[in-house]
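Engineer: The structure under discussion is supplied below as structure tokens; questions concerning it will follow.
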Amino acid sequence: MGRSPCCEKDHTNKGAWTKEEDDKLISYIKAHGEGCWRSLPRSAGLQRCGKSCRLRWINYLRPDLKRGNFTLEEDDLIIKLHSLLGNKWSLIATRLPGRTDNEIKNYWNTHVKRKLLRKGIDPATHRPINETKTSQDSSDSSKTEDPLVKILSFGPQLEKIANFGDERIQKRVEYSVVEERCLDLNLELRISPPWQDKLHDERNLRFGRVKYRCSACRFGFGNGKECSCNNVKCQTEDSSSSSYSSTDISSSIGYDFLGLNNTRVLDFSTLEMK
């Protein structure tokens, strides 16, 4: 259950206070003291809310209120207290006798804040404005340019280039695409002779002559050039007039697929069975 209302809303006055109401409130508090603000309006014969009576007394009618402008000492004290307490105006008002929290807040927003800005001081942090900007920039750069953090990218990167002129400093930011150098990996798997032998064979076919060597010459037993034996496969023929089967080509052309040319291994496919 909540608290019961301090007064009936139907029979309470709202709006500006009259002089008669001020006199009743002042005379009652002088005679009986502040007491309980909930029961004070009925005792004083006022058709007002207890909160309205309290604010009227504290902000306008109490005898120790200071009237007039704030002094320089009060300005300095408000600035020091605001740097320590922030926007806690009720606590600041306790340090300034005769001043209310509402009065101090209004004076801060209308005078003191503008005074600090003219001096180049940030009213929120009470530091120089340039220092706060540089600290924010350094904090942002430290967050983005952390040496322990490395950014991995698989696409084109953008590099910022700043060009400065001699006569006048002109900063121009251009973005140039930096192409990444990746290894050209061929992951295709196939069984075929080396590409050097293919180029050599295509070059020989292009000039119209193909040289065939026997197995002895291919394994190093021959002279390594044109064979002097009477084997048909070792003769030099024109590619246009020669007709040979696929088995002759595979057995006669010197492909070094498994590196057998450097080893002394006999070609059992050319041996005749007796």
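Using the three backbone atoms N, Cα and C, a Cβ is placed for every residue, glycine included.
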Engineer: From 65-88, 89-112, 161-184, which range did Swiss-Prot mark with DNA-binding region?
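Structural biologist: Of 65-88, 89-112, 161-184, Swiss-Prot gives DNA-binding region for 89-112.
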Engineer: May I ask for the residues of the chain that lie six or more residues beyond the DNA-binding region (37-61) and have a Cβ under 8 Å from a Cβ within it?
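Structural biologist: Contacts with the DNA-binding region (37-61): 6-7, 11-13, 17, 21-22, 24-26, 28-29, 100, 102-103.
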Engineer: What are the DSSP helix, strand and coil residue counts for the domain 'HTH myb-type 2' (62-116)?
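Structural biologist: Going by DSSP assignments, the domain 'HTH myb-type 2' (62-116) contains 37 helix, 0 strand, 18 coil.
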Engineer: If you average per-residue pLDDT over the domain 'HTH myb-type 1' (9-61), what number do you get?
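Structural biologist: Taking every residue of the domain 'HTH myb-type 1' (9-61) together, the mean pLDDT is 90.
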